[in-house]
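Visitor: Here's a structure for you.
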Amino acid sequence: MASFYISFDVNIYRDLHEPALVIGGCFVLVALILSLLLVFQHLRYYTNPAEQKWIVGVIFMVPVYATESILSLWNSKLSLACDILRNCYEAFALYSFGSYLIACLGGERQVVELLEDESRKQISQSLLGGEEKPVTQKGTLYNFIFHPYVVGKHLFTIEKFGLVQYMILKTVSAFLALILEIFGVYGDGKFNWHYGYPYITVVLNFSQMWALYCLVQFYNVTHHKLQSIKPLAKFISFKAIVFATWWQGVGIALLCSLRVLPKERKFQTGLQDFLICIEMAIAAIAHVFVFSSKPYHYVPTSVYEEFTAQKAETTLNIEDGEKSAVVEKIETKVEVPGTSVRESVQDIVVEGGQKVVKDVVLTINQAMGPVEKGMTKIQETFHQTSVDDEKEEKQETETMIKEQEENSSGNNRYKRETEIKIEEQEHKLSRDNRSQVSVSRDKTS
């Protein structure tokens, strides 16, 4: 029966492989053309580097996913290597999206100020509401989950840590999977606890969920300041790629392990790759509208004109007296000439790379901080224990010395008393002898 299932699975894969490769290739071609064209437009009109360097990172997720998926579908032997590269870039894309939101808010310093303002407003409202226990008296983690508005600048730290930890864990897990596969103990797609796949899947699942949750909480607090970029559409389009592809792979592996789908490894990876090829074409179409380069083709300029139909009034001090005039601020857009693609790429690689390295180092230091404190506390405990032991040993030694001295002094007293008794006895014997001698002399005389 087992051989029948194996041959049946092999026949299904062989019959479906070529049609899937052709269809998937067509979708990949659409995804590559649209995505690369959109990337080129951003590089050509690179007028806002702080935002566009991260937009390019997010958009480039589509060609990376599409290329690796079609290669893996074409040759199943490349599936593990392609999966590793795909996972690494997925983590970087999530980090890029978070950095893009921060850039749209004006940078890290402005984000911290914004979060602090939101925290003060929320705390004031809670105090005016007459809450018995202010939310500030609760733990930071509790407030982050239930009251993210009051966390303040710590929300930015938690959000940054959540994104970077996933990027680090995803990369480390990818290379760990490669090492385990070399030794034959990875078991890709097998929910068998004798292999490394289920353990890595569980760790990455929690890591990804935490990263996405941090991003959601950050979005909930700042979305009113991001209305100009239509953040909801961007958030949904990006989250759908990250979330759907991950759970899609886990779901296919689970269905194959339950024999709902053919259990052959080639069929499992091929189905995942084929679906990703189709999904990347859909994502590329969505990115054309969601991450359009048109807003960066123009630079806004401010022109002030007197106008009588606006609400904004300003008081002008004139020599004759005070008169009111109405001023309208009209935003006009000036089309800018194209920028150098080479310089744009250089800025993305150099500046973006330095920012990533800086955040990774900062996150590692933040993660190592509690570990170092714990190690320091353990060392202090061991040191205190050793000091206490030394004190106890010293006290015991001093006690023993005192006891020996007391014993020695007691022995000396006993010895002296004995010597005195002996001297007394000798003196008595000597006196008795002298008495006997005198008596004998008397008798003789």
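Each position is counted from 1, following the chain as shown.
Placed from the backbone N, Cα and C atoms, the Cβ positions cover glycine too.
TrEMBL labels come from automatic prediction, so no person has curated them.
So TrEMBL says this about it:
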TRANSMEM  20-42  transmembrane segment
TRANSMEM  54-74  transmembrane segment
TRANSMEM  163-187  transmembrane segment
TRANSMEM  199-220  transmembrane segment
TRANSMEM  240-261  transmembrane segment
TRANSMEM  273-292  transmembrane segment
REGION    383-445  region 'Disordered'
COMPBIAS  386-405  compositional bias 'Basic and acidic residues'
COMPBIAS  414-445  compositional bias 'Basic and acidic residues'
Visitor: Can you tell me which parts of the same chain pack against the transmembrane segment (163-187), counting only residues 6+ beyond its ends and a CB-CB cutoff under 8 A?
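Guide: For the transmembrane segment (163-187), the far contacts come to 80-81, 83-85, 87-88, 90-92, 94-95, 98, 194-197, 200, 203-204, 207-208, 210-211, 214-215, 359-360, 362-364, 367.
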Visitor: Can you work out which residues elsewhere in the same chain, 6+ from the ends of the transmembrane segment (273-292), have a Cβ less than 8 Å from its Cβ atoms?
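Guide: Same-chain residues near the transmembrane segment (273-292) but 6 or more away: 20, 23-25, 27-28, 30-32, 34-35, 38, 55, 58-59, 61-63, 65-66, 69-70, 72-73, 79, 82, 230, 233-234, 237, 240-241, 244-245, 248.
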Visitor: Do any residues of this chain, six or more beyond the ends of the transmembrane segment (240-261), have a C-beta under 8 angstroms from a C-beta of it, and if so which?
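Guide: Same-chain residues near the transmembrane segment (240-261) but 6 or more away: 5, 61-62, 65, 90, 93-94, 189-191, 201, 204-205, 208, 212, 267-268, 271-272, 275-276, 279, 283.
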